[in-house]
Amino acid sequence: MKSLVKAKKEPGIWMQDVPVPEYGVNDVLIKIKRTAICGTDIHIYSWDEWAQATIPVPMTVGHEFYGEIVEVGKEVQGLKVGQRVSGEGHITCGFCRNCRAGKRHLCRNTLGVGVNRPGCFAEYLALPATNVIALPDNITEEQAAILDPFGNAAHCALAFDVVGEDVLITGAGPIGIMAAAIVRHIGARHVVITDVNDHRLELARQMGVSRAVNVKYQKLSDVANELGMLEGFDVGLEMSGNPMALNDMMKAMNHGGHVALLGIPPQETPIDWNQVIFKGLVIKGIYGREMFETWYKMIAMLQSGLNISPVITHNFPVDEYQHAFQIMASGQSGKVILNW
């Protein structure tokens, strides 16, 4: 089958023919229809320090997908051939304390599809049935292809109560933009998003934010004053991994504020702990999606009218994957979809 493979320990992705994956008695085989390129895939494509330390070569990459079930393992229940599906890309062990307690997103033995095991940038994907999400008919193929990153956004945006609250989002990548749409949809008052990328800030404006702020030219304190905010932000969602953005958020938070951290800053990032301690900030790390409450909530939000379509900016046939990766890496895009 056709597959996009990290075939060499150097920058790039290569299209190769690989065997159709075998599937076990508790797995399903999925015919891939659409995939989306993630920031993780760009790290692998660029072959940065994280990728070099993490990715076995060769490896079929990718973990964001929509497809249809074509084969079902003999022990699988509740799924059938022909169903429209997406899937959870974190494969958990099922035996650790957190898995047994129903907190699979905290499994210490998690394996990533397209990172530690063959991914979805291929004509077929084998996936444990417990990770497969059957889709309602009113979820489109494009929406289904980006449910994984939408789930990151939902996990972060739903970490704290945002109804009537003022929310600051640092980082206007696709996940940050979708988080902005979520908190607006569920009742936040002011939603401010920051970045230095004007293209992505414009996408955020299309998603209904109160202010999309280029911090190269405008101060957060000035924006807060314009909005009539006298006490700072109630909830912060840090999506960028940028040390300056992280510390700007801490300064902008109200006393007793809540901060969810999804972006991964460099290990040596200094933090002004005085802001955290004397303001009594509550900080929560966010990784992946809650299994499977986040999936339920995000599909329900789409069904209730949440529109995330503006974040999808490019569609390419899979044979144009090199151009698609270059566009995604440029930062001048939202989500980029490959059609198989």
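Placement of Cβ uses the backbone N, Cα and C atoms for every residue, glycine included.
Taking a C-beta cut-off of under 8 angstroms and a sequence separation of 6 or more, CYS38 (Zn(2+) 1 binding site) has the following same-chain neighbours: GLY62, HIS63, GLU64, ASP148, PRO149. Per Swiss-Prot, the feature Zn(2+) 1 binding site maps to CYS38, HIS63, GLU64; the stated evidence is sequence analysis.
Within its own chain, THR40 (active site, charge relay system) has HIS63, GLY114, VAL115 as residues 6 or more apart in sequence whose C-beta sits under 8 angstroms from its own. As annotated by Swiss-Prot, active site, charge relay system applies to THR40 (among others).
DSSP assigns HIS43 (active site, charge relay system) to a helix in the three-state reduction. Taken from Swiss-Prot, the feature active site, charge relay system applies to HIS43 (among others), supported by sequence analysis.
In the three-state DSSP classification, CYS93 (Zn(2+) 2 binding site) falls within coil. Within 10 Å of the C-beta atom of CYS93 (Zn(2+) 2 binding site) sit 14 other C-beta atoms, taking all shown protein chains into account. Taken from Swiss-Prot, the feature Zn(2+) 2 binding site covers CYS93, CYS96, CYS99, CYS107, and the record attributes it to sequence analysis.
What Swiss-Prot records for ILE175, ASP195, ARG200, LEU262, GLY263, ILE264, ILE286, TYR287 is NAD(+) binding site, and it gives sequence analysis as the kind of evidence. Mapped onto three states, the DSSP output places LEU262 (NAD(+) binding site) in coil. Sequence-distant contacts (6 or more apart, same chain, Cβ under 8 Å) of LEU262 (NAD(+) binding site) comprise ASN152, HIS155, CYS156, ILE175, LEU237, GLU238, MET239, ILE286, TYR287.
Proximity to CYS99 (Zn(2+) 2 binding site), judged by a C-alpha distance within 10 Å, picks out none of the binding-site residues ARG200, GLY263, ILE264.
If you measure from the Cα atom of HIS43 (active site, charge relay system) to that of ASP195 (NAD(+) binding site), you get 20 Å.
Sequence-distant neighbours of CYS96 (Zn(2+) 2 binding site) (same chain, 6+ apart, CB under 8 A from its CB) are CYS107, ARG108, ASN109. Look at the binding-site residues GLU64, ASP195 and count other Cβ atoms within 10 Å of each Cβ; ASP195 has the fewest. Of the recorded residues, ARG200 (NAD(+) binding site) and CYS93 (Zn(2+) 2 binding site) place their C-alpha atoms 37 Å from one another.
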